[in-house]
Amino acid sequence: MQTASSLSVLTPLNEENVDRKSSWSKDTIAVQAVGSSPSSSSSHDFESKEDAEGMNKDESAPSPSTSSPSSASSRSQSKYVRKEALPPQLFHHLDSAKDKALTTFEEIQECQYASANIGKPPENEAMICDCRPHWVDGVNVACGHGSNCINRMTSIECTDEDNVCGPSCQNQRFQRHEFAKVDVFLTEKKGFGLRADANLPKDTFVYEYIGEVIPEQKFRKRMRQYDSEGIKHFYFMMLQKGEYIDATKRGSLARFCNHSCRPNCYVDKWMVGDKLRMGIFCKRDIIRGEELTFDYNVDRYGAQAQPCYCGEPCCVGYIGGKTQTEAQSKLPENVREALGIEDEEDSWENITARRQRRKKGIDETSKIIEEVQPTPLTSESATKVIGVLLQTKDDLLTRKLMERIFLTSDPSVCRSIIALRGYNIFGLMLKKFSIDIEFILRSIKTMLSWPRLTRNKIQDSNIEPVVQEFCDHENEEVKDHAKTLLKEWESLEIAYRIPRRKPGQVAPQSTNAEPSNNQSNPPLRDQEPQRGDKGDIKSAINNSTEDLSKKHPALHSSRPSDSRSRSKFGNDYQSHSKHNLFRKNSFPKRRRLSNSDTPSETTTPNNEQEQVSNQANKVDLNKIISAAMESVNQKNVLKAQKEEEERIAQQKREEKRRLAYEESLKRHAKKLHEKKTKSSQDATIDHHLTSHSPESIAFKAVLAKFFANKTARYQEKLGKAEFKLRVKKMTEIILKKHIQLVLSKKEKALPDELSDSQQRKLRVWAFRYLDTVVSRSGTATTTPTDSPSIGESPKKAA
């Protein structure tokens, strides 16, 4: 977020403007400023624009008695009273105002960058996490919440091109626009607001703050432009030093998130690919219907303060302080956590100290960082520190965070730092502070004290060439420690990791595999079911028996009712042949004669009836067993088909992941090669481009010829010797200017010839130069030496 130190150089554009918020401004402030405006005319001016700002006229601002400076001052004086936090207020009963809010700006899906180089982090190398693809129901759940993904813990999003965690992992919320369910509603005093449309757990990604990313020069220009257009309220958020997100005319719903002195959300900066992006996250569990708010960290510019209507017990009464000198700047949430600063909200001593600093005009942000007493890291704070070190460009903050790492001696915490790319961080810091002997010495000593078992992390970070440069350092202590560190690293071995199964590799199939789809099925009567399908056969037989009993009750009524024969059919089933299956059930059992039976009672049916009954039983049972075998066979075939389809689909998924992985490795290798090639070319230019280089001599001849021809009329006024001296002097000035542009990467190389625009500018400058020489009698001590900038007009050059 915006801090006072980052914009303290700005001057108020117009003291009559009601309010200016350099980091944040909302159309809701138009209503807030009505009660405290200096005159009634300004109040009417605001009210006439309520419809344009999305406000209803019947929802007017509070009366002066409720929002006057005196009442606001009383709120400010009572802010030090410790009060209990109020329960969250819910607004889900209010109607949605999203459609109306969308008419006040142009909604865009991605940030729009003013140039290709803007929005890039300090270190633009791809960070690869250690996670591996883990697929559940077709979804890659790698790098999810609680997965200890290094990228996720250090506010870096994974990308499919540069990581081995697989495509579409869970750490791609910015890229996939996985925003929370939110809605826009109309507040009582603050204009539009943003509310949760569902219960949101802590640390949920709410929304990305989207807009136009512009440099500081364009930011200043837009401040003046919006002021001339009559736009009273701007939407600027600082992305990093010298770069801002402007959501005034183009943005997302995140622009409607209001300020609160006790917010339920916070803003965090994430590295997504080669760009930095700002997101709003839940600071605590949020209930559906709650308004989503965060601390604006405002540095105000203007004559009047903006009253705060958050309604919290700790409310300071104003956004940005009562006066311009009291504009309170705060550190971003992630920076405070990285520095180990505890909440100062209710501390009287800290409030008094801040007041004194503001009265003396001291840069409060820098002073806070300087006054922080570094403490050793814990495993939890290590992730915060590494995340900020990868994003910040502030040298003071970097040194303070590195001091915390230097003080850390706990082996478990040191191992956590190493796992969180500690060697990468130290490599960057050694390059950044390469002339600070004390910093270099402490860095090398810290790495010497780290526990190390293998060489893997050291090799992956490419820190050895960086330390190797200090082996020839002029300081003997630095040289000795660097050699000792390299010697210890060389004695370590690279740990061998058991390789995972390669993408596309399929486990060997067993000999009992199910038949594939293209295999022809043998005839039903020759195919025997597997032993594992015995239960399926019994079930199919029972079902078929029940169906036939319903269709042919006469056939089944003549079947013997001996329960023992039916139970033997199921329990004694061993063979799958029809003969063995019906051997015991072909004929009904005859009842054994007893002594008391008479011949008439034991008389058997005639042979014809018995033969018909037996034949019907055979037909019936043949149908049952045929239906059962067919049912089992169909199940086996379907099962085999399903397994074969799943196996083919798995092969395709693995092949796709393998190709994506190989492609990402190729792209990563290509980027590294291009970076090395570019750095070597730049180094060649830096070391060989001087005023005596062949290209410099050639360009010098072009300049000398140009100045001699275009300024020949001054030869009579100055004399031949003096004229030649001045031509030589002008040539050297312009040559030196171009060499500086090439060395600073603003120009690729010295031009072979001068363009028409360059000739015009140089001719005007040369005439002014020689006129000045003539007017000053051509003395060497009074000769002008200012050189023109090729991109400037002749007036500016003069």
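Heads up, the Cβ atoms here are built off N, Cα and C, so glycines get one too.
Between SER42, SER575, SER596, the residue that has phosphoserine written against it in Swiss-Prot is SER596.
Checking the candidates SER693, SER793 against Swiss-Prot, the annotation phosphoserine falls on SER793. Among the residue ranges 147-194, 627-674, the one that Swiss-Prot annotates as coiled coil is 627-674. In Swiss-Prot, the annotation phosphothreonine falls on THR783, out of THR375, THR598, THR783. For the annotation phosphothreonine, the record in Swiss-Prot points to THR785 among the listed residues THR365, THR511, THR684, THR785. Secondary structure by DSSP for the domain 'Post-SET' (304-320): 0 helix, 4 strand, 13 coil.
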